[in-house]
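Chemist: After the structure tokens below, expect a handful of questions from me.
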């Protein structure tokens, strides 16, 4: 793609886990979406690949898909937008009038970190048949915008040419064998089955690749001489692609299998299609649409490349007594000869990634028989995320009864994820044959299963207790399901055909936004929901990010060499082998830095390259520069570093750090005897979080050749911080110019860490005299840059009987990692938010940052606020909503615990409106009724208020800068110090300039953020970017108008010709930590949120049912953008509190280094009802046009899901007689939920003694 300069297709992860690289692949019909990062170009012979540039452009004509996602505000940072567009476009090419479920399925393989998905679905659901036919009243989409009546399927010249091309290919035939020879790989594409068998005989050790979705990654890891074969022509190998009834050709994709199974289920009686329905239930949640379109259901070669232990279909095929048909070449015969059928069972698999196929055999087909009348089949899986995630454990179960009885005739149980390959619990199944299907069988089955599937605590993948409990829970679910079906069968009740579970159907409700005043001029854009000014360019792929820029002549690529030890002395580095790799140019280390390798950050020294000692896994110790990124990566892998391990080594939060900060309000935390109720003492742990911005960190460093000048085209939130580059090169900052057009997401992760990467790339450019590009792989980005700080909070809280909090004493511990970074500021913010919206007469807080041997944690959206707020919310032990209402600030002039005055009126309004709009009281009663009538499913509901400080507590950061140029033709160019990363800062700046100057938005342009125009700007962070930049733009425009006013009056027909630069200084903010007082923030943003969840007590799965948010944004500059920030922040918080879990090995290495291991929220995780309301008639005299910062506060609202889950767990524990307090750490993953729901199954699995084994992962 990059060679063709088709930069619309983005490289987000390289493993098919994000969907940013989605393209449409066509081989006549049907079209299919696919991940470009997994498709070697040699595998596409004879196919057409359509990228986002091929369907529409702002220069010609937008495709309706591009237009609608932009107009629905479904593009924020825009990095994921082309992939979303192509997934939807492909669906429309196959189904011009899709259903909402079709749209949901098409987007399962696409992730978005910004929007929260609602506006994307809003735009795309207008393509539903009901909307296009004017039938929106049928409750499919809940109505559609007026612009939905647009033709979606146009017969373009391109379409006709492609159809003609494919027809000619079909008439001509597939042709002969193709062979592609590279430096490291030889790739064969056989002409037909006979040719395939010839190749298998000639290359018995080469893998046969048929749609395998691991192939892209394997090709990059291949060693020289590794030979690959690939069946690419469906016409040439027709025997592999045929579908006949329930017999699948071995090259059928999972999407084709799913489609055929759906047809079979529709044609057959429910009793005959039980096994097909079980397979369908799994396929609906297996991988994303792009993966299913390319992946095949069968391990087609002698070397199987699937993740077998995680592929649930194999276990279900085994349960169904499926069989494979194999073929091989007969000696001395040019044709396919011998065939044999083998059952698909545990004997077929030799181990992880291996089968018992002979080297010369090829799989032809798979046959799945129908279910018999007294045969019952079910499939189960549990993953970290409900869809688009590998299973933690999956299972297929089948029981056959003697006709007319409940006596077990045969039983088959297979598990995946309980070992290196397929596990059949043979002894358990044999022991249950002949028994009646009753409680006695259940007890015996659980006893036998507990013995047969027990995992050692050191098992690969960890979670051993959870996995063992899941094996029991799955059987119990199967037992209960069969009991129900037997009752229906005996009672001759016609069982309804199974449908997808309701939580898979996502229908997102629109949000309610503010309206501008009727007296406001129609030409004034402020307060109106204008579309993001770059939305159309982002939807067409025309928007450029740093890695989309064309290569500079002679450009090189740099790849980092990182430490593999957590704490060690560097003995030697041998890079001689690396420099022998073709294309390698040079190696960089500390000795190559022309200026300073160390910098002082608030009296703490940080190294660019580690010199003598490493202090974490992932610390940069060197870098390889090469002609291409692939060559640089291969060379970096050959650098040999010798270490001498040092001790001690710390990874977890230890109480060994110095006391960093202390804050307390008036009075001291009272003694225990002063309370009418006992003290509540406890602790809560909050895990960290990965930024997972869609665009990884990187830059292009271009030396200018004189006076040490250098240009940096970089993805950063803080351009002045790149003064580090000047220090590293030994030149003044005025010779380093930083250019930022836009970021593909930031969330705080591109404030500090990018400075070191920029300095390294600049050093490489300085040494070689050539431009150098640095683009971190997803795994290296996650390893090097780290994320949100893990926190541990320990508290003592005293209540009155009515729930009034008299006193609280809280100590916060954060894991700061190996260097200070911004950890002290983050701890400050946690302490400054420890009261949330509650007036606590006696409040004492301590904050301690712990230095550990992990990559340094850094800024993340919320900046310590969510951690500080969550700990105080976890203290509420009485009826939560009552305690919150009783303790909320209520006086017109209230004072925070750090003695900053504020008015809580709008906070109370948000709380009251949230309870009213969410129908909290009646829904709470409904939750109690649901819990009383359901043993294994429980619900919880939680509402919380929010008081969040806006701005920097360090006053010197509260400033904005802008430069406004007015040209002779009347057009306006605005430059400012903020960076556009999806939050809409450029759009709002244009709206403000349009109001002041009285010119339309179309006449105003923002080119880029550049230190050559606006130096010394504050970072775009702390929800303060629009406030600071907006004031600066307003001030600059007003000064221009004031200067132009006399001229305009005297010469009204003249054109403008003037420019101005101005800097707007915000209010002074600071805290005296000795006196524990000060105005820490510019102002406060308020809000309230209510969420309801339902948990599965047997598996730990949960579904988010509904969320209502009321947010005080003052008078919004752009309600559409603000609602997008609220929804996006909430969904990021959803991930923080429920899904996203970082795992470190006992030696300090990050295990979750990509989307395959680390899961952010997907479309399936969004509550079906997500209602956002902006508080009406709210004023804020402290910010631009009475607006409020909104980027960070909504992240905290994810805690409503966490506490609702905890409430549901408490209901489940009461069923087991457990009524006391219990600890639940964040995130509330499926494992933690299941382990907290104590029952007879959890008691059957012994808990290993801590310290008696080495765990797979540790809490840090």
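Cβ atoms here come from the backbone N, Cα and C positions, even for glycine.
Note that the structure is predicted; figures quoted are calculated from it, not measured.
As listed in TrEMBL for this protein:
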ACT_SITE  1192  active site, proton acceptor
BINDING   13, 18, 21, 37  [2Fe-2S] cluster 1 binding site
BINDING   77, 80, 112, 114  [2Fe-2S] cluster 2 binding site
BINDING   208, 209, 210, 211, 212, 213, 214, 215, 363, 381  FAD binding site
BINDING   717, 747, 861, 1022  Mo-molybdopterin binding site
BINDING   863  substrate binding site
DOMAIN    180-373  domain 'FAD-binding PCMH-type'
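I'd like these features described in context: how deep, what's nearby, how far apart.
Modeler: Cβ environment of residue 1192 (active site, proton acceptor): 861, 862, 863, 865, 948, 1022, 1023, 1129 lie under 8 Å away, each six or more residues apart in the same chain.
Here residue 77 ([2Fe-2S] cluster 2 binding site) comes close to 113, 114, 693, 694, 695, 742, 743, 744, 745, 746, 981, 982: these same-chain residues lie at least six apart in sequence, with C-beta atoms under 8 angstroms from its C-beta.
Taking the Cβ of residue 210 (FAD binding site) as centre and 10 Å as the limit, one finds 28 other Cβ atoms among all the protein chains shown.
Residue 747 (Mo-molybdopterin binding site) has a Cβ environment of 31 other Cβ atoms inside 10 Å.
Of all Cβ atoms in the shown protein chains, 29 besides its own fall within 10 Å of the Cβ of residue 863 (substrate binding site).
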Chemist: 10 Å Cβ neighbour count around residue 1022 (Mo-molybdopterin binding site)?
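Modeler: 30, counting other Cβ atoms within 10 Å of residue 1022 (Mo-molybdopterin binding site).
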Chemist: Taking each of 18, 21, 208 in turn, which of these binding-site residues have a Cα lying within 10 angstroms of the Cα of residue 80 ([2Fe-2S] cluster 2 binding site)?
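Modeler: Qualifying among 18, 21, 208: 18, 21.
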Chemist: Neighbour count, 10 Å Cβ-Cβ cut-off, for residue 80 ([2Fe-2S] cluster 2 binding site): what number do you get?
Modeler: 29
Chemist: Provide the number of Cβ atoms within 10 Å of the Cβ of residue 18 ([2Fe-2S] cluster 1 binding site), excluding the reference atom itself.
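Modeler: The Cβ of residue 18 ([2Fe-2S] cluster 1 binding site) has 30 Cβ neighbours within 10 Å.
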Chemist: Please report the Cα separation of residue 363 (FAD binding site) and residue 37 ([2Fe-2S] cluster 1 binding site) in Å, rounded to an integer.
Modeler: 27
Chemist: Compare the C-alpha of residue 208 (FAD binding site) with the C-alpha of each of the binding-site residues 21, 37, 747, and give the closest one.
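Modeler: Result for residue 208 (FAD binding site): the nearest of the binding-site residues is 37.
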Chemist: Pull out the binding-site residues from the set 112, 210, 747 whose C-alpha sits within 10 Å of the C-alpha of residue 18 ([2Fe-2S] cluster 1 binding site).
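Modeler: Checking Cα-Cα distances against residue 18 ([2Fe-2S] cluster 1 binding site), the binding-site residues within 10 Å turn out to be 112.
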Chemist: Could you check which of the binding-site residues (21, 112, 210) sits closest to residue 717 (Mo-molybdopterin binding site), going Cα to Cα?
Modeler: 112
Chemist: Whole-number answer please: how many Å between the C-alpha atoms of residue 112 ([2Fe-2S] cluster 2 binding site) and residue 13 ([2Fe-2S] cluster 1 binding site)?
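Modeler: Residue 112 ([2Fe-2S] cluster 2 binding site) to residue 13 ([2Fe-2S] cluster 1 binding site), Cα-Cα distance: 13 Å.
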Chemist: Counting across all protein chains present, how many other Cβ atoms fall within 10 Å of the Cβ of residue 363 (FAD binding site)?
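Modeler: For residue 363 (FAD binding site), the 10 Å Cβ neighbour count is 25.
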Chemist: How far is it from residue 210 (FAD binding site) to residue 37 ([2Fe-2S] cluster 1 binding site), counting Cα to Cα, in Å?
Modeler: 16
Chemist: Sequence gap of 6 or more, Cβ distance under 8 Å: name the residues on the same chain that satisfy this around residue 21 ([2Fe-2S] cluster 1 binding site), in order along the sequence.
Modeler: 9, 10, 11, 12, 35, 36, 37, 83
